[in-house]
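K.L.:
What TrEMBL shows for this protein is this:
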type: TRANSMEM; residues: 12-40; note: transmembrane segment
type: TRANSMEM; residues: 52-73; note: transmembrane segment
type: TRANSMEM; residues: 80-98; note: transmembrane segment
type: TRANSMEM; residues: 104-125; note: transmembrane segment
type: TRANSMEM; residues: 137-157; note: transmembrane segment
type: TRANSMEM; residues: 169-188; note: transmembrane segment
type: TRANSMEM; residues: 303-319; note: transmembrane segment
type: TRANSMEM; residues: 339-358; note: transmembrane segment
type: TRANSMEM; residues: 370-390; note: transmembrane segment
type: TRANSMEM; residues: 396-417; note: transmembrane segment
type: TRANSMEM; residues: 429-452; note: transmembrane segment
type: TRANSMEM; residues: 464-484; note: transmembrane segment
Amino acid sequence: MVFRKPPDGGWGWVIVVVSFFTQFLCYGSPLAVGVLYLEWLDAFGEGKGKTAWVGSLANGIGLLASPVCSICVSSFGARPVAIFSGFMVAGGLMMSSFAPNIYFLYVSYGIVVGLGCGLLYTATVTITCQYFDKRRGLALGLISTGSSVGLFIYAALQRELIELYGLDGCLLIVGALSLNILACGSLMRPLESSSSPPPEKMFVDKVPDQYFVYHEKEKTVEENISILEKGYNDEKCVNNVPDCKQDSILNKNALSSTNINEKDTYKKKVVEQTNFCKQLAKRKWQLYLTYWKETMVLFKNKVFSALFVAILLFDIGGFPPSLLMEDVARSANISEDDYYMPLISIIGIMTTVGKLILGILADFKWVNTLYLYVTTLLMTGVALFAIPFAKSYLTLAMLSGILGFLTGNWSIFPYVTTKTVGIEKLTHAYGILMFFAGLGNSLGPPIVGWFYDWTQEYDTAFYFSGFCVLLGGFLLLLAALPCWNACTNQSSKLPPNTYSYKVASNA
């Protein structure tokens with residue numbers, strides 16, 4: 001697909017608005033699943049680790065399927081994928097209202113809703129990167145705040161809906177709201193050059209038309225010949241009966257030879273079409289092989305390799321607070337009278353602030369976005385270590401705000417990926433990184449829940465979470481050190497359109 005130069009404005013701002021509301025509508029409930037988590041604990045009576053799988057799957061399965069999501073967006077475009085995914089999210093939420101047990105929720109809420117969110121996330125990020133270049137950090141920061149605003153609003157909305165209509169009614173209403181994704185997806189106009197379509201597509205589209213025109217022309221010629229012959233024979237039969245019989249015999253012989261020629265022509269055309277299909281299938285297979293080869297080449301980039309380890313460990317340790325913080329407060333015997341605002345809502349609003357501020361900082365030339373991202377990882381690890389020492393609502397609220405702000409580094413993660421591997425390989429690289437992020441999202445909350453079921457307290461679980469995040473941050477920092485880069489890449493040259501942060505090795 002041939003894209004025009006990113007306009008950095010115009011219809012791009014419409015893309016930003018609809019992408020914001022798309023992430024708001026699809027991620028609002030899965031990110032605020034901590035409210036539903038408490039209800040499911042009481043409704044099904046399962047362990048914390050087992051119940052936590054529902055929310056972790058909803059937030060992780062879409063990221064696990066990121067390579068598949070990337071292929072879908074590349075093959076069909078952002079608009080069709082967004083519309084199809086809207087039906088998935090809405091249908092999954094509505095089906096969850098009829099869940100008879102926790103295992104049904106694994107499929108309806110965890111897999112169906114999670115996969116729909118993953119497709120929508122990939123579609124919104126990809127089309128935004130296509131429309132923006134110089135203001136990409138700001139644009140990504142704006143659209144990523146949609147999920148954070150959704151977390152803030154849906155945490156209070158779902159709690160209110162549960163009180164008014166019960167858990168089942170809440171999920172039905174939230175599912176109906178998600179149908180608005182269809183309207184947002186219809187406005188995601190692709191940015192591609194209409195003047196020069198891909199050669200392969202032109203070839204595929206033109207060949208059937210050529211055959212069709214050929215058949216039509218052939219059919220018209222044969223009809224004209226038959227009409228002329230019929231008129232000539234009729235006229236001849238009227239004037240001379242013996243000649244008519246002789247000509248009829250000759251015509252029969254001519255028709256038989258014509259039928260033989262038609263059969264040969266038909267066989268030739270079948271062979272040509274069969275060869276064409278074989279060549280097309282072979283070319284498609286080569287394209288997929290090239291896609292996976294280019295993806296594996298990315299791991300020769302030292303910074304990219306450290307980045308996927310860091311994102312895996314960050315999501316194992318950094319994601320559980322947004323799901324379990326309400327239960328952490330309840331386990332600390334904090335009275336509901338002390339609640340001024342749900343802790344999940346605090347995380348959501350501060351994540352919005354963090355995404356905006358970090359996204360704006362990423363656009364400054366003097367800011368190294370890789371080091372900025374590493375700083376957020378290290379600070380997140382320290383905040384997680386502090387959670388076991390928080391025994392009041394005020395301290396938990398402060399830590400929730402800090403963790404929410406630092407989780408805003410999601411807004412600069414696509415920016416870091418783009419600058420590391422280049423815009424041409426963004427889809428490949430981002431799909432791989434989101435796969436590991438989804439693996440971390442899926443494993444983190446159940447691991448923390450199992451720690452609680454084993455020890456009956458959250459302290460050990462959050463020590464483990466903090467250690468994972470700190471380890472990932474230090475590994476990424478080590479890979480990014482200029483001295484390490486100088487030792488391993490003295491004679492290397494970066495490929496075009498790749499930004500190295502003065503530390504990254506070449507792919």
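Backbone N, Cα and C define each Cβ position, glycine as well.
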K.L.:
For the transmembrane segment (396-417) against the transmembrane segment (370-390), do we get 3 or more Cβ-Cβ pairs below 8 Å once near-sequence pairs (under 6 apart) are dropped?
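P.N.:
Yes, the transmembrane segment (396-417) and the transmembrane segment (370-390) are in contact.
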K.L.:
With contact taken as 3 or more Cβ pairs under 8 angstroms (pairs 6 or more apart in sequence), are the transmembrane segment (464-484) and the transmembrane segment (303-319) in contact?
P.N.:
yes
K.L.:
Taking the transmembrane segment (137-157) as the first stretch and the transmembrane segment (52-73) as the second, find out whether 3 or more Cβ pairs fall under 8 Å, excluding pairs closer than 6 in sequence.
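P.N.:
Contact between the transmembrane segment (52-73) and the transmembrane segment (137-157): absent, because fewer than 3 Cβ pairs are under 8 Å.
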K.L.:
So which residues does the transmembrane segment (12-40) touch in its own chain, when a touch means Cβ under 8 Å and the partner is 6 or more beyond its ends?
P.N.:
6, 46, 51-52, 54-55, 58-59, 82, 85-86, 89, 93, 102, 105, 113-114, 116-117, 120-121, 123-124, 127-128, 131-132, 139, 142-151, 153-155, 157-159, 162, 167, 170-171, 174, 177-178, 180-181, 184-185, 187-189, 322-327, 330, 342, 344, 348
K.L.:
Out of 169-188, 303-319, 339-358, which stretch touches the transmembrane segment (370-390) the most, going by CB pairs under 8 Å?
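P.N.:
Answer is 303-319, with the largest number of Cβ pairs below 8 Å.
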K.L.:
I need to check the long-range neighbours of the transmembrane segment (303-319): which residues 6 or more away from its ends have a CB within less than 8 Å of a CB in the stretch?
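P.N.:
Same-chain residues near the transmembrane segment (303-319) but 6 or more away: 56, 59-60, 370, 377, 380-381, 384, 403, 406-407, 413, 416-417, 420-421, 429, 432-433, 436-441, 443-445, 447, 464-469, 471-473, 475-476, 478-480, 500-501, 503-505, 507.
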K.L.:
Could you tell me what the rest of the chain brings near the transmembrane segment (169-188), counting residues at least six beyond its ends with Cβ under 8 Å?
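P.N.:
For the transmembrane segment (169-188), the far contacts come to 14-15, 18-19, 21-22, 25-26, 28-29, 36, 78-79, 81-83, 85-87, 89-94, 96-97, 120, 123, 127, 154, 157-158, 161-162.
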